[in-house]
Structures are given as structure tokens and as C-alpha cells.
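Here the structure comes first, spelled out in C-alpha cells, and everything after it is commentary.
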């Protein structure tokens, strides 16, 4: 009953209503000039994570979002003060700098991690809000900035209190369940790779495992928002995910080995891998039996299968620690310290630049429209332009996000009119009636937000934004209509800019991602022990996950990326002699691979040079009397790059 979907939806709806009503009551009690901002902040902070999660958000999500909003607001206020002090004598230049500032903030938000992007997006449009709304009274800019920060902090505190009051859910149980299911999925992938599977079935299986592993990483971030007592579990999960990437890679490589040597896995191990195992307990029992058999027949087994079993053993050890959250043991500490993940740099630099240009152009057009028409509510249009372009650009589908805002503002027009003309005037003698009316509206919209109904989140924010909710309340019908229509026009302009300034960087992003895989394979060639310990798998699979999302259905790119990841893992285990000549050549190849990633016009030239260096490197290995296994592995990578030269270098 308590964990039923219906109960959770009702609980969040009560939580959202409580946050909005509490912020409004405290705003009036503290004599704030515009308690609307506190209510609007509480609504956005509480409803935003619920819309993303599609239900009641887990513990820590609202608190984390609130802290990001505080930081972004303070950055935006400081930016507004600096711009106004610097350009107080040139209002047109002031607005131009605001537009540029908003574009730069959106550009930065498109490059940083998704969970931190909200800070910079908010900083961009907060500066614009402060400057635009203070144009009539520029001498009150400092007072307005302080009041804005106070109202936002009040709204955030109310959202957090409401979240704590209605018992937020912990994501820990979901993580434990997902970790067990992931191990079962990994074992099924190994079974199918050993027993034979078509390419199409293999693509579907490893695609699902990549998404499940990435989802657990997202859950880990939410767990860290919940409490600091999960730091040990978070460290274990990070290394556990590395073992998951290793298992996916080694299982797929085992399949390739069996294609060349069909009898590489035989006897009792082959028979055991044919036996079904559906539950976590069955998989743990099978793995224990496989390790015993592998210990007795390790020399006759493919190295990739032995490596897979080792990764599975490490996975089980870490999964036990994640579930119990006990103090990190010595054996676990060795695993955690040995894992040195390489951070993945953004492959969407051009996409980020387009997002920044869209925001700058949209806000600039809004400024021109405002100055040209002299519209009294042009500031509302400007604010909506900045909000839509700042928040929509970081999402996978900015166009759909802009449509959501537009539908929300259209719904807010009749809903807000009903509240403004009938409900609010009838509640002027009773704060209780005012709270009940707004709480009822928030309750209904809160249920729709959890269903991710198109326009629900935009309707909630837009309705609160156009209502009076000031101290004292003033019912000016013409101003209400101006504000409501200004919101709609702002969303239409933002949608038009997104449609007109098209993002044609998808193909460039695709080649950048694929060449990142090439660089990962080349960087595995090293004679330095410290560099060989660097773990590129999390970064490579993060790029693969982005590739899956940006180019759904393009199987050829997925297979090429996975092949390069397998080459990276194979080359990383090669034993190369310590030689200044080899070390210098490794640095030269890495530099060329980096040039392939960064170049646009001369990519084909740099890629041809990399292929020539790979051919020369094989001869260099023969001169140093390196094992045939290492030379063959480098030859496979070279042949793979030659086969896909058009996709990687043109």
C-alpha cells in the first residue's frame, strides 16, 4: 500500500502543495515584496526532479536541486551587479552584455556534467531577470538582488522541509536490486557469447547492459545527494561499474575468440554454461562452480574468459560491500586504489556552441522587439525567452522542451485567468482560502507532472508567474493579460529560434566520438606502468552511451565503437619492452590521434598519417623482438582502422 504507485503520486502531490503554500504563507508573513518568487521557486525545485523521474523523486534530489539553484542565483546576482555597475550609462550595451552572458552560461552548461548544468543555466537567466525587471528603477538594483535571493532561499527551504515532512524515498534498495540484476544480465551475455548468438541478438543484449550500467551510475549520484554516510558505497559502486564494463568487453571478445577457435571452451565449463540460471542466487552458485573449474583448467581456457571470471569475482565482492555499507576492507581498498578512471571530456563542443548562439540570438531578438515596440510587458517576454532557451538546450530534445513550455503557457492563460478574476479576489479576506485554492491547483498539476504530461511543468510555473501574489495584492487586468500574452510570445520566439538555428553538428559529434575510441585504443599502447593502470573504460563507455542516444538504430557505429573498446582492452594487457624508441613512438601516435579528434578540415590527412604510423609501429615491434601475440593485436587494430577509414577519417 505505502509503496504503491498511486500512493506515491498522491504523496508527492501533497508535498508539492505543501511546499508552495508554506513558501507563500511565510513570504506574506515576512513582508516580502513579491512572495510569488518564493512560491515559484518552491514549485520548480519540487516539481522539476519529479518530472524528470516520472514520479516521486528519491531522497536528496530536491535538496540537491535546491542547492544548485542557490548557487546559480548568487552567481547570477553577482553577474547582474557587475554588468550594471560597468554599463550604467549605456542601457543598450547593458542589455547586449546580458544576452552575451546568458549565451556564455548556456554554452558552459552544455559542456559540464548534466547534474551541474542547472547552476550555469540558472545563472544566465537570473542576471537577465534582475536587469530587465529593474530597468524602470535602476537605483534599486541592489535591493532587488537581495530580495530576489531572499525569496529564492525561502522557496528552497520550504521545498526541502516539505520533502522531509513527507518521508522521501531512499534509492538504496533500488541500487541493490539493480546491482543483482546487472550481474544476472552479465552472466546471460557470457552464456550467449559462448553458446552462439546472432549479431542482432548480441547487439540488443550488450546495448541493454550498457544502459543498465549507466543507470546505476546515475543512481549513485542520487545516493550521494541523499547522505554522506553512503560515501563508502559510492566508491564501491564506481569500481563495480568498471568491472561491469570489463565483463561486457571480455564477453564480446570471447565470442570473437570462439569464432576463430570453436573448441576453445569445451568440457565441463561448456556444459555448465549451457545450464540456465535466472535468479541472483543461481548465478552466484554457477560462478562459484565456474571458478573452481577454471582454476583446474586455466591454461586451456581463453584469457578473455579467465579475465571475465576475475572481473565477476571482484564485482561480487564489491556488490556485497555496497549492500551492507560496512567499513571498506583491506581487499576492497586494494581494488579501489588500483582503479584510476580517466575523466571523459565533452565531445559536444560544437553542439554547446550552437546552444550558446541560440540563447544569445533569442534574447537579442527579444531585446530588439521590446525596444522597438515599447511593450509594457516586454520584460516578461524577455524573461521567458531566457528561461526556455537556457533550460531546454541541455536536454536531449530542446525542441520538445520548448513545445512543453509553449503548451504550458497556453494552458496557464485560461487557468490563470480563472484564478485571477474569480478565485483570488474571493479569498482576499482569508489567507486560509487563498492557500486552499492554490494548494488545490498545485495538487492536480502535481499528479500530472509525475505522468510527464506534456505542458504540465510549464503550466505550473507559468500559472504562478502570472498571478499577482504580491504584497500588497493588486488586481490590474491589463497587466495580467500583458504578462500572460508575453509568456506565450516569449515561448513562440524561443521555439522559432530553435527551429531556425538548426543543430547540424550531429555528424561532427559522431566522428568526434568514434575518434575518441580510436584514441582510447592507441593510448593503451604504453611502456609506462602508471599510464597502463589508467582506466579508460568508464570514459569510453560513456561516449558509447552518448552515441547510443544521439544515433538510435545506427548499428554500424555501435559495433565499430565496441570493437575499438575491445581493442583497447586487449592492447592494455600487452607486455611491451621498456624502450625510449617505443615510448617516443607511443607519444607520437597519441599526438596524431589527438589531432584527428580536434581537426575538422585536415582530419583525413591526420588519419592517413596515423595509419602510416601504425604500419611503421608494427615493424618497430618486430625490430624489438616483441611477441607475435602483441604484433597480431596491433595488426588487428590497424586493419580495423583501414576498413573504417571513410567513417573515421573523411
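Yeah, the Cβs are placed from backbone N, Cα and C, and that goes for glycine too.
Feature annotations, reproduced from Swiss-Prot:
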TRANSMEM  12-32  transmembrane segment
TRANSMEM  42-62  transmembrane segment
TRANSMEM  66-86  transmembrane segment
TRANSMEM  92-112  transmembrane segment
TRANSMEM  114-134  transmembrane segment
TRANSMEM  151-171  transmembrane segment
TRANSMEM  368-388  transmembrane segment
TRANSMEM  405-425  transmembrane segment
TRANSMEM  429-449  transmembrane segment
TRANSMEM  454-470  transmembrane segment
TRANSMEM  481-501  transmembrane segment
For this session: Flag the pair the transmembrane segment (151-171) / the transmembrane segment (92-112) as in contact if three or more Cβ pairs fall under 8 Å (sequence separation 6 or more).
Result: no
Problem set entry | Cβ contacts under 8 Å made by the transmembrane segment (114-134) with residues that lie 6+ beyond its boundaries | 64-65, 68-69, 71-73, 75-77, 79-80, 83-84, 94-95, 98-99, 101-106, 108, 140-141, 144-145, 148, 221, 359, 363, 379, 382-383, 386-387, 390-391, 393-394
For this session: Give the one range among 12-32, 42-62, 368-388, 454-470 whose Cβ atoms make the most pairs under 8 Å with those of the transmembrane segment (405-425).
Result: 454-470
